Amino acid sequence: MTRPILISPSILSADFARLGEEVRAIDAAGCDWVHIDVMDGHFVPNITIGPNVVKALRPHTQKTFDVHLMISPVDLYLDAFAQAGADIITVHPEAGPHIHRTVQHIKSLGVKAGVVLNPGTPAKMLDYLMDDVDLILVMSVNPGFGGQSFIENQLRKIEAIRKMIDKSGRDIHLQVDGGIDFTTAPKAIAAGADVLVAGTATFRGGPDAYADNIRKLRGG
Ligand SMILES: O=C(CO)[C@@H](O)[C@H](O)COP(=O)(O)O
Ligand SMILES: [Fe+2]
């Protein structure tokens, strides 16, 4: 089955001194979504941005803001990211005590809810979330940094989750994040992913290269 492939560039690899311009540039270059990595220096060993920056970026594009929260405890900050303009909020089950409650909370804010699995987290933990999630994200690196190498055995997890989604009959995006480039993108798509996050591979070469990079990642 062929499904549309969406590209969500991670702005972690953008020039942070010119973030608004960078978001406009990837929008003009044909990205589908904008992936925003939020890190707290506690859940992951890196610190990035908070809701104020998301809010400041919101006027620069109308594309979907795909916000990947790597913060713990996560529940305290869901409202702030929704108010800042997130369209999708994706959370790690390890970042709070009650993942089912966290998913309901996100949905109650009128935002789509994603759940993200670290490389060591099994697909099985999704069993009782399939009725509620809008997106499942498979991390193909350990979270915290851009520019890491794709962990090949996550392809098996993507295949397993694709089967779970098809069986559910629900419209759930299957996203993959980490080490996605022109070699690994086709493997992730073949395994069943329909949304590719790519930081390094989108922003490599500067603004003149973004459109080409996005087109190649999509398989065009
Ligand atoms: O969430 C993360 C890392 O924790 C990612 O979104 C990275 O930002 C992806 O970067 P590349 O591997 O594509 O460079
Ligand atoms: Fe991410």
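Note that the numbers count up from 1, one per residue, in the order the chain is shown.
Glycine is no exception: its Cβ is also placed from the backbone N, Cα and C atoms.
His68 (divalent metal cation binding site) carries a strand DSSP state (E or B). Feature annotation from TrEMBL assigns substrate binding site to Ser10, His68, Gly144, Phe145, Gly146, Gly147, Asp177, Gly178, Gly179.
If you look up TrEMBL, you'll see His35, Asp37, His68, Asp177 marked as divalent metal cation binding site.
Neighbour list (Asp37 (divalent metal cation binding site), Cβ cut-off 8 Å, at least 6 residues apart, same chain): Ser10, Ile11, Leu12, Thr48, His68, Met70, Gly146, Gly199. Annotated active site, proton acceptor per TrEMBL: Asp37, in sequence order.
Asp177 (substrate binding site) carries a strand DSSP state (E or B). Neighbour count (other Cβ atoms within 10 Å of the Cβ, all protein chains): 27 for Asp177 (substrate binding site). Residues or ranges marked as active site, proton donor in TrEMBL: Asp177.
Taking a Cβ distance under 6 Å to any atom of ligand 2 as the criterion, the binding-site residues Gly144, Gly146, Gly179 reduce to none. When the alpha carbons of Gly144 (substrate binding site) and His35 (divalent metal cation binding site) are compared, the span between them is 14 angstrom. On the backbone, the CA of Asp177 (substrate binding site) and the CA of His35 (divalent metal cation binding site) stand 10 Å apart.
For the substrate site, whose annotated binding residues are Ser10, His68, Gly144, Phe145, Gly146, Gly147, Asp177, Gly178, Gly179, the maximal Cα to Cα separation is 17 Å.
Same-chain neighbours of the divalent metal cation site beyond His35, Asp37, His68, Asp177, judged by a C-beta within 8 angstroms of the site's C-beta center, are, in sequence order, Ser8, Ser10, Leu12, Ile36, Asp66, Val67, Thr90, Leu137, Val197, Gly199.
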